Structure formats: structure tokens, C-alpha cells
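Sharing the record's features from TrEMBL:
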MOTIF     9-37  motif 'Q motif'
DOMAIN    9-37  domain 'DEAD-box RNA helicase Q'
DOMAIN    40-217  domain 'Helicase ATP-binding'
DOMAIN    228-388  domain 'Helicase C-terminal'
REGION    397-572  region 'Disordered'
COMPBIAS  408-442  compositional bias 'Low complexity'
COMPBIAS  443-452  compositional bias 'Basic and acidic residues'
COMPBIAS  456-467  compositional bias 'Polar residues'
COMPBIAS  493-506  compositional bias 'Basic residues'
COMPBIAS  507-519  compositional bias 'Basic and acidic residues'
COMPBIAS  528-544  compositional bias 'Basic and acidic residues'
COMPBIAS  545-558  compositional bias 'Basic residues'
Amino acid sequence: MGKPHLTSMKFADLDLHDSLKESLADNGYEFCTEIQEKALPDLLKGRDVTGQAQTGTGKTATFLLATLNHLMTTPVEEGKKGPYAIIMAPTRELAVQIYDDAKMLGRYTGLKYALLYGGAAYGTQSEALEADPDIVIGTVGRILDFFKQRKFNLRNVEVFVLDEADRMFDLGFINDIRFLLRQMPKATERQNMLFSATFSQRILELAYEHMNDPLTIKVESEQVTGARITQQLYHVSSDEKLPLLFGLLKKEKAERSIVFVNTKRAADQVFDTLNANGFKAAVLSGDIPQNRREKLLEEFKNGELDIMVATDVAARGLHIPDVSHVFNYDLPQDVEDYVHRIGRTARAGAEGTAISFACEEYVYSLMDIQDYIKEEIPVATITEELLITPEVTAEKRKYPRKGRTPRSANGNQGNERNNNRGRGNNRNNSRNNARSNPNRSDNAAHNDEAKASEQIVENTQNSVQAENSGQQNNDQQKSDQQKNEANGENNNRRKPRTPRRAPRRRQSGEAHSQNREESGANSTAPADHSKVVEQSEGQNNERKTQRRPRRTLRRNRRPNQANQNKSEGAES
């Protein structure tokens, strides 16, 4: 069989199209792996399959051979337009890898492919869709984007493949996948394949909803991580991780290694230190442009780079041969990521080594990882020989601060603060110059001190002038404000209102004469002050209680002509 992970089944014995057998023979593929032996016979008959197998066991070739064979053996009805097969992957790297494998296996088929993924220009991908491809391979987001732009339709899809389905759930793509599945023909009218390294209840529910009675195939080894991977664990502090990494790289003599970290800043720190000390390294993280990523991966595959520092964005979908070592510089926070990280080594029957660092920050996930892989990772001892301090320490990168700096209360305080800051800088510069050059002459030192003192005096004068100008501005503003307030008070000041006189009422002749008699009597009688006051108060109260009669409309005061005639007739 050639390699221990292969079976006795040959590709030549399968019911494959002749063009596929020819391409397999040209690339040296003769025997099937375990997942291919169990899944391909049913897939070639058109059966839906959900397959579980570890990375590096041939899952990609399994669903690609089934897809290509279906398109080569199934005639296309007249008037139908592609694509006829959709293959979805969670990451750009995995989509590119599937695309390369599809071109390699379908070299003699004459089928056309379109690769769609984010981070690349729309123009080239749009041209590939306009060429009427038979197979569309890509990430969920970009496929959905082009579909909503009506660049292609899904009415004639005959084969649907979902790779790394568990990762789709983790990245939140499952709702978009369900939307695209509803635009395709019914599950009974297409062939469906779902593959993943790990299975969960969510994946089984998805298979039940959108697949046609799928056959579940599981290929489990005694160890989840693979028997050909040698695992080691070092309990180390965060400060000793870089020296330990340098010591292990020297001891293990790793030809091609991947160093996995959890954050971009950690990736930059490790990458800068490795480069500063002569290692041929590169960093692969989420903010690297796609064209740059492809170039770095190509250089790593060709052996131009020895070490690839990567985050989990590159943990899946990378098919890089001859990776001898995987270093978990930071323990992953997700247990499944541990399996996919170390799965980058020991691929296609080779052997590899996975070394993990358990520091005080990420050691909490160690127990969950060991429970998931159902084994304890052997712990190695750290010796003084393994701790090699880097000869060159890379400078720390300056990252932009989040948030805004607080604003000053007013401009004068900000200027004063800047002037004071300048004074301190001048003092520090003079002190540093004196310390760095102790053998200078006294005259030179005296000149530097004189220049520094002159600068301090100048800054002080500037600050005093700024303070005086600010004080003058404040005084001027206060005086203007007081003038405005005074003008406003004068304008708003109103004359006191005189009390309103009560309306005079007409009195009858008897009352008028009676009042005149009373007033005449009062004028002749001696004045009684108390009675006069009481009488005036009573009259005022009586006037207040009396309501002013409502004015009637002019037309109501004038009798109409009819009433006037009636009154004249009655008098006559």
C-alpha cells in the first residue's frame, strides 16, 4: 500500500470517469484513504453523505472526485445555465486550496471553475462568473454577495458541498447558508455532501433539514489528534516563552514550522523577534491583504520561508506539505482549534511534532483540551539549555490608542500645559546630553546649559504673555458682559402700572339727587376720618364685586325694520 494510512482499495477499481483516473495517475494517487474507501462508493451512486474525519485524511479529494464525476457522467439539458455545483468553505485559504485541488483533479475534464472569496477585487471574480462556470468554489459571504447582485443563479445546482461545517457555525455563517440552500432545487433533486473534522448536534440538525437521507460516515482513530503526531507540553511563564521558543527551534532543528498565537500583537512580537535574530519568518493574520497572503503561503510552500507565525485564521484549510513542527505559543481558547492547529503537521501519512506552551494566561483551557482529545499531553521539563535569550530584542510596535484624548477647558490652559511640557523636555534633554557625554569640556556644557536656560526663559515669557493676553481677554469679556446685562436691564425695566379705575355707572335721577344731598351734608358736617375710610373701602369692595356688563353686538342693539314697523303700528 506504500503508506500506513492508505487502504487496499485502488482508485482504478472505482467507477470513476476516465479523465479523473488519468489525472489521479499523473499525480501519483493509487490507493484510497479510509474516508475515501468508505464514502466514494456511495457518493458515486448519487447518495448524500455526511463524513467525519480528521484533517489530512483526504476529505477534500473525496468530495471533489464525487462532484467532478457527477458532472462528467450526467448530461445537461438544453437551455440550462450553470453553475451546476456549489462548494462552500469557511475561510479564504481553504477555498483557494479546494480550487487548486479541483483544477488538478479536473485537468482533463474541460470543466470551468470560479473562485469567489473576500479581500480580492470584484472584477476578476465577476469575469469568471460571466464565463458561465460549471463549479463555483468560495466563501459564504462573497458567494452571497454575487448572488444578490444577480451575477448567477442557483436554480440549476445539482451538487452542493459544505466543507468544515462546524467552523461555519462558529463564524456565524449558518443563516446565510440556509438562505442560499432555499434558493436551490429541493434536497431530493440535488446531491448533498457535508464534511467536517468534528461533528455536533447542530450539524446533524442542518443535515436533517437540507439533505436527502444522508449516510453518516465516521472515521475515528484511537486518538482524536492522530497517532502520527508527537505531542509535548511545557509549563512556562509568559516572560520565558520567547527564550523557550528559540531553544526548541535550535534543539529540534525544525525545517518548516508554524507558530500559532491568539492575538495579532503576539504575532507581531514573535515575528519581529524572529526576523531580528536571523530567522526567515513571516506573519499571517487577519489584516494581511489577500494578495500578500497568497504570496507568503507560496513562499512558505516553496521553502523560501522557514517559520510562519499565524493566528487561528490560518489554522484550517492550509494544506502545506512537509510541516515538521507546530508550536502552540499560546494555548487555544477553543478545544477544537487545538485539533486543527496540530493537524497542520503529519499530513498524508507523514509524522510531525506538536509542542504547546501553557502560560499563566491561557493554562485554564488545558483541562478542556485534554478532555476533548481524551488523553493527557505529556509534560516536558524545561532545562537551562532550552532557555536561549534572543541576541537582538525587537522594538515594540506602537499601536493606535483607542478613544479620544480629553479636551482642555480652554485654550489658555492648553497653551500653558504645552509650554510647561516644553520646559520639562528642555531640562531632560540637557540632563541626558550631560550624562551621555561626561568627557565634554566645561565650556561646551556651559553653552548647552546657557542655551537651555535661554529656551526656558523664552518659554516662560511666552507663557506669561499668553496668560496676560488670556487675562485681558477674560477682563474684556467680563466688562462686555456687564454692559450687555446693564443694557438688558434698562430695556426690560417697565414703568409701574397705574391702578385701573372702575367704570362709572349711570344712575337714575332719584339716586343721583340723593347722592348729591348726601355729599352736601357730608361737606357741611365735621369730618370723621374713620367713617370716611370705612365708606370708601365699602364702595371699593362693592365695585369689585359688580361685573362689567358685556358689550352687545352692534347689530343686536339696532332693531330690525320688521320690529320697528310692528311697534309703529301698535302705537297707531
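Using N, Cα and C of the backbone, Cβ positions are placed for all residues, glycine too.
Each of these features: where is it, how hidden is it, and who are its neighbours?
Taking DSSP states H, G and I as helix and E and B as strand, the motif 'Q motif' (9-37) has 16 helix, 5 strand, 8 coil.
Long-range contacts of the domain 'DEAD-box RNA helicase Q' (9-37) within its own chain (CB-CB distance under 8 A, at least 6 residues past either end) are made by residues 1-3, 44, 51, 53, 57-59, 61-62, 65, 68-69, 72-73, 104-109, 217, 219.
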Over the span of the domain 'Helicase ATP-binding' (40-217), how high is the average pLDDT in this prediction?
91
